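Worksheet: the structure to be examined is printed underneath.
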Amino acid sequence: MQNRPRVFDSAMNLSPNMHFLSLMPGLLLLSLQVHTSPTPLKKTIRSVRIERIRQPNYVPDGPGALKKAYAKFGIIPSGISFDSFEDFTPFSSDNVRNTVSKAMQANETGIVTNTPTNNDVEYLSPVTIGGQKFVMNLDTGSSDTWVFNTQLSEDAKRGHSIFDPAKSKAFSDLEDATFNITYGDASFAFGRVGIDTVDIGGATVQKQAVGLPTDVSGSFILDQASDGLIGLGFDELNTVEPQQQKSFFTNLAANLDEPVLAAQLKKGAPGSYEFGSIDETKFKGDLVTIPVNNSRGFWEVKSTMFKVGKDEQLHRITKGVGSAIADTGTTLMLVNEEIVNSYYDQVDNARSVYAAGGFIFPCNATLPDLYVSLGDTHLARIPGDLMNFSKVGLSTETGEELCFGGVQSNSGSGLQVFGDVLFKAIFVVFDLRGPSLHVAGHA
């Protein structure tokens, strides 16, 4: 019997044996070698856990989530084969999100809330800047910290909590410094930069560079659930000029016993971020270590293989990029077209529809699991029930509801993005040492 690579099982546990995947010379067969468990990570005392709570008043918007992901990484939809599909009426959607409660008082243990909005589109966290409170997005796919502030127009500020530098005792201007985050569909935030104290539930950086935009795009203005963004990527992504600044995570690392961020983002259940330590009660089995390539500033890992459902064969990617970014700021999974086509080939009546912007299917369809490789040694299993992201429309012929998939095409770009759909399936630790990711099944 042929040995199999180590795979996260149906309960998202890790199997007891760990193996390497290696390609035998001249053959398209996978052989296996035994691999020892990674060195255990020291459990720490100096740490901060940021608890999240579920936001019940969300508006599912799959196409909106895909558009946002394309915009973030500058992906121009092209090369996707869309069906005409006249038998489809999309739901109308209100892109203005429900305003999230600003109940953000941390308790004496340093635990604060984190609120998912719009069908878990964003995981938001209470943040204090210069003693003023905000709700912001923790984003491992970028490296700038910026906040809505008094320099914006009255229309832009409406519905947001606003940072006032004059009310902060610690604020100072970063002389002649500017930041400019620009996304693919002209979404942007730019302006001057200051230095202030940033605190996330007790995780405190006293001299953090904070962008104070003088202008932001409409998409940020309409997103009234969020007052800004905390970038947790590598410093290479930081946009401050003339001198790049360190990200919040880089600065915070010096104050932690271990430079780690653990993300437990489970679907429909309380989850958390935790800086500085790894809670063994949050995962099952052993953590396994995946090397990270941070040359582009992302938490990027090798990902060259996949399989769908009960297919016994592992497929090696033959077209497209062989790596993926682990990004808490993106909702969906954006993968090579080879993967997305193979996946929806196994979903009855699934098709790529222009009016929806991506793959849709009958909401009652049975969805297969998707397996993607992380590094050379492991497969992560994303259960099929995580692939039904949101209702998107109706069949005008049958009246049946149609749903939008949680995995979509990266449109042939040079990036695969593993967003929150993956994080709902597995427990992930971002480790600045190495750097590396450590992964396991959710407890």
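These residue numbers are counts, starting from 1, taken along the chain as shown.
Glycine is treated like the rest: Cβ placed from N, Cα and C.
Annotated active site per Swiss-Prot: Asp139, Asp327, in sequence order. What Swiss-Prot lists as disulfide bond is Cys363-Cys403, and the listing cites sequence analysis. Under the heading domain 'Peptidase A1', Swiss-Prot lists 123-440, citing sequence analysis as support. Residues or ranges marked as N-linked glycosylation site in Swiss-Prot: Asn180, Asn293, Asn364, Asn388. Sequence annotations record features per position, and here Swiss-Prot assigns signal peptide to 1-36.
The subset of recorded positions (Asp139, Asn180, Asn293, Asp327, Cys403) lying with their Cα within 10 Å of the Cα of Asn364 (N-linked glycosylation site) consists of Cys403, given in sequence order. Of all the disulfide-bonded residues listed here (Cys363, Cys403), it is Cys363 whose C-beta has the fewest other C-beta atoms within 10 angstroms. In this structure, the C-alpha atom of Asn388 (N-linked glycosylation site) lies 30 angstrom from that of Asn293 (N-linked glycosylation site).
Here the Cα atom of Asn293 (N-linked glycosylation site) is found 35 Å from that of Cys403 (disulfide bond).
Neighbours of Asp139 (active site) among the recorded positions Asn180, Cys363, Cys403, defined as a Cα within 10 Å of its Cα, are absent: none qualifies. Within 10 Å of the C-beta of Asp327 (active site) we count 28 further C-beta atoms, all protein chains included. Here the candidates are the recorded positions Asp327, Cys363, Cys403. The one whose C-alpha lies nearest to that of Asn180 (N-linked glycosylation site) is Asp327.
Cα-Cα distance from Cys403 (disulfide bond) to Asp327 (active site): 23 Å (rounded to the nearest whole number). Asp327 (active site) sits 27 Å from Cys363 (disulfide bond), taking the C-alpha atoms as the reference points.
Neighbour counts of Cβ atoms within 10 Å were taken for the glycosylation sites Asn364, Asn388; the minimum is at Asn364. Averaged over the domain 'Peptidase A1' (123-440), the predicted model reaches a pLDDT of 93.
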